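The following features are taken from TrEMBL:
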TRANSMEM  40-61  transmembrane segment
DOMAIN    54-432  domain 'Cation/H+ exchanger transmembrane'
TRANSMEM  73-95  transmembrane segment
TRANSMEM  101-122  transmembrane segment
TRANSMEM  134-156  transmembrane segment
TRANSMEM  168-189  transmembrane segment
TRANSMEM  201-224  transmembrane segment
TRANSMEM  230-251  transmembrane segment
TRANSMEM  271-290  transmembrane segment
TRANSMEM  296-315  transmembrane segment
TRANSMEM  322-343  transmembrane segment
TRANSMEM  349-374  transmembrane segment
TRANSMEM  413-435  transmembrane segment
DOMAIN    488-625  domain 'Cation/H(+) antiporter central'
DOMAIN    632-796  domain 'Cation/H(+) antiporter C-terminal'
Amino acid sequence: MENESYRASNGTESTIVCYAPTMITTNGVWQGDNPLDYSLPLFILQLTLVVVTTRILVFVLKPFRQPRVISEILGGVLLGPSVLGRFDSFASTVFPLRSVMVLETMANVGLLYFLFLVGVEMDISVIRRTGKKAMAIALSGMILPFIIGAGFSVLMHKESQVMTQGTFILFLGVALSVTAFPVLARILAELKLVNTELGKIALSSALVNDICAWILLAIAIAMAENETTTLASLWVVLSSAGFVAFCVFVVRPAVSWMIRRTPEGETFSDFYICLILTGVMISGFVTDAIGTHSVFGAFVFGLVIPNGPLGVTLIEKLEDFVSGLLLPLFFAMSGLKTDVASIKGTSTWGTLFLVISLACAGKVIGTLIVAVLYQMTVREGITLGLLMNTKGLVEMIILNVGKDQKVLDDESFAIMVIVAVTMTGIIMPIVTAIYRPAKRFIPYKRRTIQRSKPDAELRALVCIHTPRNVPTIINLLEASHATRKSPICVYVLHLVELTGRASAMLIVHNMRKSGRPALNRTQAQSDHIINAFENYEQHSGCVSVQPLTAISPYSTMHEDICNLAEDKRVAFIIIPFHKQQTVDGGMEATNPAFRLVNQNVLANAPCSVGILVDRGLSGSTRLAANQVSHHLAVLFFGGPDDREALSYAWRMSEHPGISLTVMRFLPGEDAAEPAQQPSGDPTDPRILTVETENEREKLFDEEFINDFRMKNASDESICYVEKVVNNGEETVASIRSMDNVHDLFIVGRGQGMISPLTAGLTDWSECPELGAIGDLLASSDFAATVSVLVVQQYVGVGQQEMIGTPDSPGQLDEQYGTIQLMNRRSPAPRGQAVYSP
């Protein structure tokens with residue numbers, strides 16, 4: 001292998017790279033070969049370096065909430081001539097000139113298939129439904145930056161460049177005016193703005209902007225392929241239009257025929273999949289031969305594939321490999337080509353900052369004008385403008401093509417890459433600082449079922465991870481007895497983990513009512529859940545259902561749930577337990593992250609919470625209202641959680657198909673008094689406080705139970721039993737001795753309650769978030785395989801919570817005589833929930 005430089009006749013230095021075609025794989029170090037002299041081992045090392053570097057940067061930049069594209073470009077910049085590439089030994093060993101062709105080729109193959117997937121996932125019909133506002137915002141956000149880009153192209157265009165001024169204007173204008181839909185979608189999810197009106201407008205506008213950018217990109221490439229704008233450019237545009245028409249009128253019907261040939265529910269044959277993946281390559285080849293970039297062909301080919309199971313199959317087969325391994329290579333290549341040292345002189349750096357600030361301002365001003373015309377606030381308009389400055393894939397393609405076609409020199413390319421990274425990087429911090437949707441904390445009366453009036457609407461928030469939990473939750477709601485007097489409003493929240501995929505993001509934007517097939521598995525699940533609940537709503541006259549989707553990392557998912565509960569003023573949140581029943585009756589964890597979500601919800605919820613251990617409720621089928629027949633059991637030990645559990649069961653018992661058994665556990669003579677904390681001097685006021693709290697709780701329990709028994713004395717479907725036990729062992733024995741006819745146990749979590757009746761049960765507790773009794777009932781070794789609902793009552797964080805509640809502090813003295821409330825400024829302990837019949 002040899003490298004030879006020579007001086008050409010015109011005086012410019014060129015490089016010829018000669019390589020032996022046999023030097024692909026090495027014979028091994030024992031034969032005296034250096035693996036890095038061979039193309040395959042070298043490529044594997046380069047790919048590993050790129051992936052490891054970008055992953056480390058993703059981890060480092062995570063606290064700053066930066067999108068992944070930033071890490072991928074910066075990874076390339078680090079490995080390139082700007083940082084590590086400055087060391088000749090590193091550059092010549094790891095990224096020698098001869099290896100660039102292999103790297104570029106693989107990066108472009110990855111790009112080809114990634115854009116094919118983007119096309120498959122994109123639903124053009126969304127554009128039609130975006131409305132005038134999103135269309136106007138998208139176009140206004142493109143025009144002004146395009147004009148600014150055109151103005152700067154005059155400053156940055158050099159006489160030495162072979163390109164015409166017109167082509168340079170087009171490249172720079174498109175690069176500055178484009179918005180990256182996938183990157184923006186992730187930023188909105190991080191900022192918890194996806195489900196807001198602002199988020200929906202931003203996503204719609206970005207989608208329109210993306211399509212416009214593709215059209216402009218095709219024209220820019222067509223012009224760039226020809227050094228002078230001649231008739232050839234026209235032929236390129238016409239040929240591209242012909243290719244699009246061929247895809248729409250020939251390829252789409254052919255793919256539809258393949259889909260029809262495959263019976264519903266069956267997998268597509270390998271032959272069909274292979275044919276489509278080959279079609280991507282052929283499309284890339286054709287458009288490259290025409291004179292537009294190969295990625296344009298792959299994108300159009302993906303766009304004509306009908307949404308549905310075929311799209312799902314292709315995405316599942318390709319996405320992780322392409323976007324996880326090959327796509328970072330493309331962004332890293334952009335970084336490797338970026339030499340910050342090529343930006344020379346103070347004036348050039350000045351131009352760079354001017355480009356960043358004016359292009360950013362152009363987008364913000366253009367968007368703000370239209371936003372104000374549509375009666376949006378100035379703050380919302382500025383936020384929207386900032387969000388539309390998100391850069392990503394399309395811009396990097398434009399810049400790379402521009403560099404390859406000699407439209408951009410090294411300096412211009414480096415400037416534009418820094419512009420892209422800076423503009424995308426500053427969005428999250430600025431938007432976080434200027435746009436925080438006001439947290440409307442309004443203390444309201446009914447945050448619990450116990451405090452809800454019998455003739456008022458019950459608002460519940462149901463969280464669902466997978467369709468598996470849907471039948472049991474619907475049967476539970478069906479049994480909750482919605483009537484004209486007391487209807488139920490259900491907010492159904494599908495919880496989706498935020499990943500790097502754009503495909504997961506589209507489902508929020510595309511809550512379709514058109515009956516079209518789903519774009520991917522996540523959306524298929526979402527559709528399944530929504531359809532099931534809408535069907536339930538249609539068959540239940542007094543239930544209203546509102547489906548929503550929350551896309552978040554599991555670590556912050558509870559914020560979405562709690563904020564929604566706050567905004568919608570719900571009294572009860574139902575979340576599924578993180579374990580599910582196996583065929584042999586045992587319990588296995590589905591996803592450990594679900595447990596973290598549940599624990600965070602219990603700690604932060606603004607209302608009562610129920611964790612549902614799903615073991616089927618009347619099997620896995622959904623029951624109609626007149627078919628409901630359940631045997632419920634409430635195990636009552638005392639305390640606010642148990643009162644809330646009984647309140648919910650009480651409501652359910654009013655349903656004609658429900659029979660309820662309430663088993664109240666009372667301490668026997670031998671029951672040990674619970675150990676008080678802190679121990680020591682019996683006159684210690686802290687001990688007195690704890691004892692006072694216990695006495696107060698007992699008083700509340702007696703009031704509540706007496707009220708329950710008095711009002712249901714003549715109801716034959718309700719059975720009240722009292723069990724006297726002395727310790728945890730006797731409690732467990734009593735529970736095990738219960739009749740095996742119950743479908744559902746409703747128990748309190750018992751948080752903060754010290755009882756001799758459950759002493760020792762927590763010692764071997766697997767899931768403390770269920771409490772001692774809930775954990776016992778949910779454990780694999782418990783004989784009965786019955787669903788369990790573990791309830792935690794919302795008590796409030798301080799006296800201010802009680803503003804406007806029916807029981808004001810002044811009334812308590814009259815009602816309970818001896819009970820004195822603590823100082824108003826002190827936080828209210830759990831025991832201060834007041835029962836109001």
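Backbone N, Cα and C define each Cβ position, glycine as well.
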Tertiary contacts of the transmembrane segment (101-122), as residues 6+ beyond its ends and Cβ separation under 8 Å: 39, 42-43, 46-47, 95, 182, 207, 277, 280-281, 284, 294-295, 298-305, 311, 314-315, 318-319, 322-323, 325-327, 329-330, 332-333, 336, 393, 397, 502-503, 506, 519-520
In contact by Cβ distance (the transmembrane segment (296-315), the transmembrane segment (168-189); 3 or more pairs under 8 Å): no
Stretch contact, the transmembrane segment (134-156) with the transmembrane segment (349-374), Cβ-Cβ under 8 Å, 3+ pairs: yes
Positions whose Cβ lies under 8 angstroms from the transmembrane segment (201-224), at least six residues beyond its ends: 122, 124, 126-127, 130-131, 133-135, 137-139, 141-142, 163-164, 166-167, 170-171, 173-174, 177-181, 184-185, 188, 193-194, 233, 236-237, 240, 291-293, 296, 299, 384, 387-388, 390, 394, 397-398, 401-402, 405, 407, 505, 508-509
Cβ contacts the transmembrane segment (73-95)/the transmembrane segment (271-290), at least three under 8 Å, sequence gap 6 or more: no
Of 296-315, 322-343, 349-374, whichever stretch has the most CB pairs under 8 A to the transmembrane segment (40-61): 322-343
Positions on the same chain near the transmembrane segment (322-343), where near means CB under 8 A and six or more residues out: 47, 50-51, 53-54, 69, 72-82, 85-86, 95, 103-104, 106-111, 113-114, 117, 349, 352, 396, 399-400, 403, 410-411, 413-415, 417-418, 500-501
Intrachain neighbours beyond the transmembrane segment (349-374), with Cβ under 8 angstroms and 6 or more residues off its ends: 133, 136-137, 140-145, 147-149, 152, 155-156, 176-177, 343, 380-382, 384-386, 388-389, 415, 418-419, 422-423, 426
Folded-back contacts onto the transmembrane segment (230-251), same chain, C-beta under 8 angstroms, at least six residues removed: 218-219, 222-223, 279, 283, 286-287, 290-292, 296-297, 300-301, 303-304
